[in-house]
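Data block below; observations after.
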Amino acid sequence: ESEDLELLQYVVARPLYSEDSFNEEHKKVYRHHKTALDHVKQYFRCDAKRAKNAALSLLPIIGWMKIYRIKEWLLSDIVSGVSTGLVAVLQGLAYCLLASLPPWYGLFAAFFPIIPYFFLGTSRHISVGPFPVLCLMIGSVVTRLIPDEGPAANITGFSGLTVDEQRVLVASSVTFLVGIMQLAMGILQVGFVVMYLSDTLVSGFTTAAAIHILVSQLKFVLGLQVPGISGPLSLIYTLEIIFKKITSSNVCDIVISLVIMVTVFLVKELNDRYKSKLPVPIPIEVIMTVITCGVSYAFDFRTRYGIDVVGKIPLGYEPPVAPNLQVFQHTAMEAFPMAIVGFAVAFSVAKVYSIKHDYTIDGNQELIAFGVSNIFGASFKAFAASTTLSRSAVQESTGGKTQIAGLLSAVIVMIVTLAIGYLLEPLPKSVLGAVVIINLKGMLMQFNEIPYLWRRDRPDCVVWMVTCGAAILLGLDLGLAVSLGVELICVVLRVQFPRCSVLANIEGTEIYKDRKDYISINEPEGVKIFRIPSPIFFANMDFFRNKLVEALGFNPLRVLKKRNKALSRIRKLLKKGDLQWTSKGFLNTTNGSLVDPLEDSDNEELDKPIDFKDLPIRIDWNAELPANMVVPRVDIHSLVLDFAAVSFLDISGLKGLKTLLKELVRVEVEVYIVACDPYILEKLHKCCFFDEEVQPSMFFLTLHDAMLHILEKHPETTERKTYYKNFYGSILNS
């Protein structure tokens, strides 16, 4: 294919176009631009079609239920639902420990949020329920308001409640607030906020969360009593306590945890290796949990070895409760990052499966779905829901086609909650801790991204490391805020300090590339082509100007002032008779030498256009000047600014650009701007950018059009470069 491309050639014969000449020859279509009022009217307009679309948008279940293939999909959804339900039960119990709540409340979080999402969610494959990072963030809030050691926060609703009941109230109230925030963002159509969380940031953040989760589960794996600590450096303080108490570790817990982790790890590796041959992945966590639960009950691990077990699990559900408004006041700052993180992770996972199975998801509708799910779940004492890649992978890989699989997984959780939950009472908490730790493998493996990012994109690597470090040391909520700030700073710096370049023509083509990158290039004398690869706005206008001055080799304002100063001195000398004009040029009529007039101070404005009207001749500034005057030499007659990558221009950039163009025009440098965006050009006209010096005629359609115009206007440019005659001459003559 590459050989065929080398043989292909194209020849285009067309007029040379400036922006003005192109618009004269090719008339534009008039388009009515809607005003803000038009958009408001359209948003609130209602008709039958709009009502139908709104119903389909708010209830995506209508869309996929109409195409549901019962014979082909139902059995797959049943198998997937049962498999996912078993995993959801185990993960609900395990992740609940991260939230510092009694384990059985994890079953509530694996059941209630699924029901609203079944009707409102746009993803057909994610498994809604507990997410370890969210659980950890909730646990941080819970332990801050109700610490293991010391008094609880002064909140009226806590009176008469046990510590566990207080913690459940805090978790459900903050979940309710998270749901309100997500619902509000969905209604206000601000689902785009997730775009500010780059893949690099999410990777660094979830890796840091995995470290927090790992440390938080060590107390269960080692069988230690460690108080929950929240706030900056909480991970360091927790590790300090663990190392102080490590000699008191429970050997039975350690052995059980190691056996569970090794077995689960090996079987998961086999699942990955032979997933194409296995009809469904081996549910090793469930199998090991059942075995360990039975062994613990048979040998009475709790009494004999003193291990901590799940304990009594009440059958059935508890009545709904209202959130505590005082908890809202104490947790609003933590709730917002929870709302963003929960949605961002769920949306990322949903996007993966939507691309794989060729259907669309709606970010704003997902916000509404998760908002309602969290509000509904919080009313029944569940905590914040999102999704996990591992549980969603089970639902999808076992054949799940729609959220019917998710609903069936909720039925499995409900059966455990209502009927057989008591069978899990002898389950050691170290088993749950081991399951949590072994499921962190995917997040911890993200450390492998550091060398890749360092080689490919160092600013992204810095974002990853700062995000991970800040989230580890400062906590997940403050860490997320710091990482967002660093990410935005990186974006601003990339735009504020772009890689400007000087272009040259690739010999024998109409292509222009960075002159430093190629050997066979053509550069007409007196012409400079400067490329700006970013928007021009208040933050980078000075940088753009400095880079252009560096490329030109002179400062146009300094040259202009020097020339005006020289003209002023020449006028004074002519008036005094110390200088006369002859056919051979200026003649010094005094016997002594003239002092360099440029040393004199002059208060008159020197940045005005150069005026030769009362002089006998127009001065050639590159020739020798009278009276030993020295003015910086300007060897450039034409400057081309490539605006192809300039996406917008603010008022500060517009003013700075106009000032720069005027300075260049006043020192007799012709300026051409090429490939300018039509909307920027329209804005320039609206802002009265053009005047006698800066004219619309300096704008050309393409870089090559401007170069041909320059070479036609300055034929002497090509006389010293015969290859330019050969290449450009034929085009100009035609």
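Every residue, even glycine, has its Cβ placed from backbone N, Cα and C.
Among the ranges 192-214, 284-306, the stretch that TrEMBL annotates as transmembrane segment is 192-214. Looking at 40-59, 220-239, 680-699, the range tied to transmembrane segment in TrEMBL is 220-239. Among the ranges 74-95, 492-513, 536-557, the stretch that TrEMBL annotates as transmembrane segment is 74-95.
Within the chain carrying the transmembrane segment (166-185), a Cβ under 8 angstroms from the stretch's Cβ atoms is held by residues 99-102, 105, 138, 141-142, 145-146, 152, 157-158, 191, 193, 321, 323-324, 327-328, 331-332, 334-336, 338-339, 342-343, 364, 367-368, 370-379, 381-384, all 6 or more beyond its ends. Same-chain neighbours of the transmembrane segment (220-239): 97, 100, 139-144, 147-149, 211-212, 245-246, 248-250, 252-254, 257, 306-308, 429-430, 432-434, 437, 472-475, 478, counting only residues six or more beyond its ends whose CB sits under 8 Å from a CB of the stretch. Below 8 angstroms of C-beta separation, residues 84, 88, 91-92, 95-96, 98-101, 106, 109-110, 113-114, 117, 121, 152-153, 155, 158, 163, 166-167, 170-171, 174-175, 205-206, 209, 212-213, 216, 227-231, 234, 327, 330-331, 334, 337-338, 341-342, 345-346, 370, 373, 383-388, 391-392, 394-395, 406, 409, 436, 439-440, 475-477 of the same chain, each at least six residues beyond the ends of the transmembrane segment (127-146), sit close to that stretch. In this chain, the transmembrane segment (335-355) lies close to the transmembrane segment (462-486): three or more C-beta pairs between them fall below 8 angstroms, excluding pairs fewer than 6 positions apart. Each of 251-268, 367-384, 404-424, 430-450, 462-486 was scored by its Cβ pairs under 8 Å to the transmembrane segment (74-95), and the highest score goes to 404-424. Most Cβ pairs under 8 Å to the transmembrane segment (430-450), among the stretches 101-120, 192-214, 251-268, 404-424, 462-486, belong to 251-268.
Proximity of distant same-chain residues to the transmembrane segment (404-424), defined by a Cβ-Cβ separation under 8 Å and at least 6 residues beyond the stretch ends, is recorded for 68, 73-74, 76-78, 80-82, 84-86, 88-89, 92-93, 104, 107-108, 110-111, 114-115, 117-118, 126-128, 293, 310, 312-317, 395.
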